[in-house]
Each structure stands twice: as structure tokens, then as C-alpha cells.
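**Student:** Encoded as C-alpha cells, here's the structure I'll be asking about.
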Amino acid sequence: MVRPGESIQSAVNNATSGDEIVISPGDYTENIVITKDNLVIRSESGNPEDTIITASNNASDVFFVDADNIKIMGMSIKGAGIEKAGIILSGALNCTVYNNKIIDNALGVYLKNSMYNEVRNNTVAQGKRAINVERSHYNRIINNDVSGERFGIYLTASEGNELSENSANMNSNHGIVLDGCNNNRLENNTANSNNGYGIYVANSGSSNLTGNTADSNVIYGIYFSDSGNSSIANNKAVNSIRGIFLLRSGESTVLNNLALNNQDGIRISSGMNSNISGNEVSNNNVSGISLLNSVNCTVNENLLLNNSQGIDLELSNNTVILNNSIREGGRAVSLRDSGYNLVLNNMALNNRYGLYVMRSQWNTLLNNTASTGVNHGIVLVNSTNNNFMNNILNSNGVHGVYLKNSSTNTLDNNTASGNGRGIYLISSSENNILNNTVLGNREYAILLSYCTGNNISGNEASNSGRGIHLSTCQNNVVSRNIITLNSISGIFMSSTSNGNIVFDNYLNNVFNSNVKDGSEGNSLNITKTAGTNIVGGSYIGGNFWAKPDGTGFSQTATDADGDGIADTAYKLQGNNYSDFLPLVGGFEPEQSVMPPTAFNISSTGTGASETVINKTETNNTKSTGDSEIETGIDETMEDAE
């Protein structure tokens, strides 16, 4: 038993292996050096508040341990100065530091070249580093309160350590730091309200973070740099600049985390072969999940709500984005300067934009839903050689699909219904718009402006204001489309649209065509060619011209030789164009059922003439030469960069 006024060091010097040194409540001023193994040094009361050890020399450690199997328990330890520790384990094995209050030391607990030790249930405050672990392996640091320091827990060049249930809060720099450490596990720690990062991991591969909370840190919640092959799972990273950030930390897994109320929720920079799955990412005001300059990553089954951008890829390639739910945000999925990515089976609802592709190429977007958006379902700007297939793009406020300054892309078998406009191409060339179902759009089913060399084939463009509309378009091919029950026109070509070929389409509208005077070189048929046409006849030539009341030209024309081509040409009214090989007979092509829509589409046209030339329409339009542009839709793209 050591009593006030007696020396703890003397008791240590007189002890033998296996002894227990009990310290009575009181104040002790000394520095203690322990070089004997198998000792217990503890307070009598077990209460650190009544047994206080203060360094007599602040240039030395309060407890210096160079021995194995030492236990230090139940004391207040203070007064170690610059670069000195309250307790240092130097080359020590199997020691325990338990239930101490270690305050006002430069270093609280310092493990140096030590292994298999346990630091548990201590309170460490008012110093530089609360718990400092250097070149020490397989230690357990559990349930300590390390707050109000410069750093809470700091590991360097150490492996195989476990940090769990610690509170590293309100430190002036970072809460928990791993620097040059591999194979460490951090579990169920709290790192909140630190002025730097909550958890900082650098040059530390195969790190495992599970169940930690990083809340309200000034810079980042959880930060990884050059620390690959790591696992970040079931953590909470909220209210910081960035929630979870991985820099050059490939081969990592970011799984089932919560990232809320940050600028960036989860960000991967210069990463590869990483998996970001099962996370909930919400209310981040820059991006939810973002990848910069990364390759071969997977973004899977995440829930993203109310982020300025949902999933954002920039300068990133060969990544798979699948089975995510993205709602109530800005851009649901954004690809910028990125290529060879697959966007598959995602659900994007109630966002400003659904799928947004800019300056990108060779991407495939397949089986996604991008609906009920404020603006557009799909946006494609300054991009080439992308494929959009089997996507559902319904009930968006402006466009189902918007292409601008883009070429050699393919839109195949998509559904774009109930939008302001179905599919809109502007200043775009050599794209393939194939087999899409475009129904019940308020203004246009398919609209092309200033477009050249596009192939519009096999689409259903019906139940809208206008079916297929070409404004200042050159050398496009419009074929094998079903264009029915549009209230204003079936096919439109402005006076500045030249060299377009329109053939083998099925038109059944009150006003099937509106081709403006002044256009040149457009053709309404090709050379008669053997092959099955759109109504099942044996020859392909012109178009089938029907009307809903059964009085259309193709419904009433004669075909004496039975070749499925009318005996006379069909002359469009008000211009010099004719379909010289109009189709007759056959069967009506199978058509889709129009989805329910609240849009009220009307036309002021009356009478039964096939074409009304220069008729006045009052459907929110303004005249700009021969083309008509809706005033209700801004032709310029916000965010188009």
C-alpha cells in the first residue's frame, strides 16, 4: 500500500513479479519508471478523481513502462510536457491501461514498439494526442473518451490494431488518424465535431471501418487517401463538407453507410475496382455519390434522396451503375467526360433531370426509369456513340429525351409518354431513333431542329400535339413509324427542311401532313422495292395515309394490280410534294395503349382536308419563320455547360 507522502517509485523498486501495488487516495508528485514484469498498479478506490499522480519533472513521462504484463488502473495522471506522455508503453507486451483520467499531458497514452496491449475505459483530454500508437501492433483500444485534444487517437506505422467504442470528439484537428497503418479495424467509434476530419486514414491499406459515426466535423467525416483494399461499412457520416471520401484508394468497398447533410455524400477520386453499394445518401447539396477520374467501379442498390446531384461520374470509365433509387434531386445520374459505362435498372423519380450525359461516349443506359421529373428524363449534350435502350421516360415536365449537339447515338425501344415533348433533337446528326414508344406528349412526340442525317425509324409517335416534326432539318430518314391521333399534325417539315426522306410510315391523323412551301428535295417515297411494308404489303414505296373516320387516301384509293401500291399518286395540298407510291390495303399496325394523361391537347383546325396549309394555331405557339417553337418551353438548356 502506498499512502500520500510515500513514493510509488519506491514501491515499484521493491516489488517482485506478480505483486500488486495499491495506491491510497491522495496527491502524488513523481515520475515512475517500470522495468519489472507482471505488476499491477492501481488506486485503492478505483476512482481516478481521488488518486492523482502529477509529474515532478514535466520533461519526462509520468509513467514510463518498459516491461510486460503491467496494469495501470484507476488514477488521474497529468503534467507531462512537450512530446512526453502520461503513460508510455515502450517495447511492452500484454499491458493494460484501464479506467484512468489522463489530462494535461502532451501525449496521453503512448504505445511505442509495443504489442498485444489494451487501453480501455480511459478519459484523455487537454493535450496534443490523446492516444498515440507508433510502430505498435495487435493492440486493443476500447471505450476511451479522447476529446478536447489536437488529435484524439493517432496511429502511425502500426498494424492489426482494434479501435472500438471510443469517443473522439471536439478535437482541434482530427478525431482518429491512421497514417501508414495496415489491417486495422475501427468499429463503433464516435468522431464528432472535430475541427478537421472525423476519421482520417492515409497510406493505410486493408483498413476496416464498421459502425462508426462521424457527425458535424468541419472538413470531412471519413477520409481515405492511398489506402486501398479497405472496407467502409455501416458507418454514419453526416453534416460535414464531405461525408465519405476516398482518394486513390482502389479495391475498396463502401457498403450500407448513411451519408446525410454534407456537400458531397460519398466521393471516390482516382479510384478503381471499388464497390459502392447499399448506402443511404440524402440531402447533400453538391452530390450524393460522385466518382472522379475512376475506373471499373460498381455503384449498386443505393438510395439517394434530395441531393443536388444523385450519382455523378466525371472523367470516369468502365463503371456499372445499377439498381439504384434516386429521387427528389437535381440530376439523378450524370455522366460527364466519361465513357464505356453501363447504367442499368435504376429508378429516377421526381428529379430535375433523370439521366444526364455530357461530353461522353460509348456509354450504355439500359432498362432505367427516369420519370416525373421537373425538366427532362434523358439529357444528352455534346456526346457521341451512346446507347439508350428500354428506358421508361414518362411524365417529365419538359422532354422525355433531349439531345443537343450530339451524334451517332442510338435510342432504341424506349418509352417516352406523357411529357411536355417526347423526344427532342437539336443540332444533332447521324443518330438512330429506333422503335421507341412516344405517346400522349403535350406538344410533340418527336421533334428535330437543325438536325442532319438522323434515322427516325420504327417509332410510335401518337396521341400528342404533333407526331414527327422537322424544323430546319436536312437529309434525315423517317421510316416505318406509326403516327396516329395527333391533334395538330402527323408529319411536319418546315420551309428550311430539305433533302429528307419520309417513307413506309403509317399515318392516321385528322391532319396527316404539313410540309411548308420553300423546302426542297424532300421525298415521300423511295423506289418501289420488294419487301414487307408497314401494313403487311409486298412492296415498300411510300406511306399509308389514313384518317380516323376512314376517309383517308390509302383507305379509299384503288389498287387494280393488287401490289399494295395505289394506282395514283397522293398529292399533298398547298405544295408541290406528292407520295408517288402510297400504300393501300394490308392491315392496321399493332399500336400501344396510350397511358393515362392529364394533358389537354386541342387544335383549331376544322374540316376534313388532308392538309391545312398556313393554318393559324393557338396552341401556345409563336411563329419563327416557318418553324414553330413553343413559348412554354425554354429552348436553351440550363446546366448545359
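Each residue, glycine too, has its Cβ placed from N, Cα and C.
In TrEMBL, annotation is done automatically, which means it is predicted and not curated.
Sequence annotations record features per position, and here TrEMBL assigns compositional bias 'Polar residues' to 616-626. Sequence annotations record features per position, and here TrEMBL assigns compositional bias 'Acidic residues' to 627-641. Marked as domain 'Carbohydrate-binding/sugar hydrolysis' by TrEMBL: 35-156, 157-292, 320-449. The region 'Disordered' annotation in TrEMBL covers 616-641.
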**Student:** How does the domain 'Carbohydrate-binding/sugar hydrolysis' (320-449) divide up by DSSP, counting helix, then strand, then coil residues?
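**Tutor:** Breakdown, helix to coil: 0 helix, 73 strand, 57 coil.
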**Student:** Please compute the mean pLDDT of the model over the domain 'Carbohydrate-binding/sugar hydrolysis' (320-449).
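**Tutor:** Summing pLDDT over the domain 'Carbohydrate-binding/sugar hydrolysis' (320-449) and dividing by its length gives 98.
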**Student:** Helix, strand, coil residue numbers for the domain 'Carbohydrate-binding/sugar hydrolysis' (35-156) per DSSP?
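**Tutor:** Split into helix, strand and coil, the domain 'Carbohydrate-binding/sugar hydrolysis' (35-156) gives 3 helix, 63 strand, 56 coil.
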**Student:** Using DSSP, what is the helix/strand/coil residue split across the domain 'Carbohydrate-binding/sugar hydrolysis' (157-292)?
**Tutor:** 0 helix, 65 strand, 71 coil
